[in-house]
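Enquirer: Could you have a look at this structure, given as structure tokens, before my questions?
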Amino acid sequence: MPEREDSYAVRDSRQVVKKFLARPQHEGVGAIVRRSIGRFELKYFDPFLALDEFSVTAPAGFPDHPHRGFETVTYMLQGAVLHEDFEGHKGTIGAGDVQWMTAGRGIVHSEMPAAQGTQKGLQLWINLSSKHKMVEPRYQEIASKDIAEASNDGVKVRVIAGEALGAKSPVYTVTPTMYLDFTLKPGAQLRQPIPARWNAFVYVLEGEGGFGSATKPVTASAHQLLLLSNGGGGDGLEAWNKSLKPLRFVLVGGEPLGEPVAQLGPFVMNTEEEIDRTVDDFENFVNGFEKARHWRSESGISLGF
Ligand code: FJE
Ligand code: FE
């Protein structure tokens with residue numbers, strides 16, 4: 001069989017066990033997000049806390065707000081976002097760029113439009129294990145031109161985290177995670193291995209595709225989230241583009257933490273007691289929030305939490 005080694009490795013596709021359409025809702029100040037993971041029907045998909053497809057046009061945005069206990073991954077699809085934090089770390093995330101932010105014990109920052117028109121992207125919130133919730137904050141920023149890409153037989157991948165089609169991302173993921181941006185030309189087929197026991201989902205950005213079973217694929221189009229089966233044999237994802245237009249989707253997988261989750265907005269810990277302590281820390285500017293006392297972003301607006 002003339003198959004590549006890595007695609008041959010997928011013997012049996014994981015199945016689509018649930019499909020959601022992410023509808024627009026208001027978030028931040030005047031911003032619109034299509035939230036799939038994190039809405040009430042799907043509060044948590046271990047280790048993923050939220051997936052927002054955001055759309056923001058000045059003066060709307062996500063002004064000064066804190067985070068603790070997880071990572072945020074911002075992947076820009078169109079336009080640019082200016083980020084500034086209370087340590088003086090500042091920059092723009094442009095189309096195709098990724099910012100992998102490990103909030104750890106605490107970050108206060110703002111995320112605001114940095115270009116004319118509408119800025120679009122995906123923001124994924126990945127939980128941290130109890131062992132890592134209070135780590136030092138850290139950023140990994142990868143410019144679009146430095147994102148590993150590979151192509152094969154009408155399939156193109158941009159590797160945000162993990163590896164695919166022989167291309168590998170330099171991003172270090174505290175919680176083991178894969179994050180792949182696939183584009184399939186009309187007629188193309190994909191077989192992508194997914195580590196055993198990892199939870200994985202697909203979010204469609206553009207076009208229409210078939211996913212999962214070869215005999216009974218589930219059809220999905222833009223703004224739809226597909227949860228993939230975990231256990232029961234599947235060792236990867238199979239996807240097809242039987243349409244006449246390009247199909248673009250992200251495939252994201254992560255190792256489940258299996259820990260209790262206590263969440264108050266942008267604070268995610270294991271217990272209510274830890275959440276109470278976090279609110280105390282934030283209000284008293286201690287244990288990682290010291291610099292929040294005097295810091296304001298350029299916008300000077302606060303989202304609170
Ligand atoms: C936040 C409300 C928010 N999704 N997608 C409350 F809107 C936010 C927040 C974001 C956000 C930011 C970007 Cl750039 C993209 C997003 C929610 O900033 F953190 C809280 N607590
Ligand atoms: Fe944020």
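Glycine is no exception: its Cβ is also placed from the backbone N, Cα and C atoms.
What TrEMBL shows for this protein is this:
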DOMAIN    33-126  domain 'Pirin N-terminal'
BINDING   HIS65, HIS67, HIS109, GLU111  Fe cation binding site
DOMAIN    179-286  domain 'Pirin C-terminal'
Enquirer: According to DSSP, how is the domain 'Pirin C-terminal' (179-286) divided among helix, strand and coil residues?
Expert: 13 helix, 51 strand, 44 coil
Enquirer: What are the DSSP helix/strand/coil residue counts across the domain 'Pirin N-terminal' (33-126)?
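Expert: Going through the domain 'Pirin N-terminal' (33-126) residue by residue, I get 3 helix, 63 strand, 28 coil.
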Enquirer: Using Cβ-Cβ distances, find the residues under 8 Å from HIS67 (Fe cation binding site) that belong to the same chain and are at least 6 apart in sequence, listing them in sequence order.
Expert: MET101, ALA103, GLY106, ILE107, VAL108, HIS109, PRO266, PHE267
Enquirer: What are the other residues, in sequence order, whose C-beta lies within 8 angstroms of the center of the C-beta atoms of HIS65, HIS67, HIS109, GLU111 at the Fe cation site?
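Expert: For the Fe cation site the neighbour list reads PHE62, ASP64, PRO66, THR72, HIS83, ASP85, ILE107, VAL108, SER110, PRO266, LEU303.
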Enquirer: What mean pLDDT does the predicted model reach across the domain 'Pirin C-terminal' (179-286)?
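Expert: Its mean pLDDT is 97.
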Enquirer: What's the most sparsely packed of the binding-site residues HIS65, HIS109, counting other C-beta atoms within 10 A?
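Expert: Per-residue Cβ counts within 10 Å for the binding-site residues HIS65, HIS109 bottom out at HIS65.
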Enquirer: Cβ-Cβ under 8 Å from GLU111 (Fe cation binding site), same chain, 6 or more residues apart: which ones?
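Expert: The answer is GLY61, PHE62, THR74, VAL81, LEU82, HIS83.
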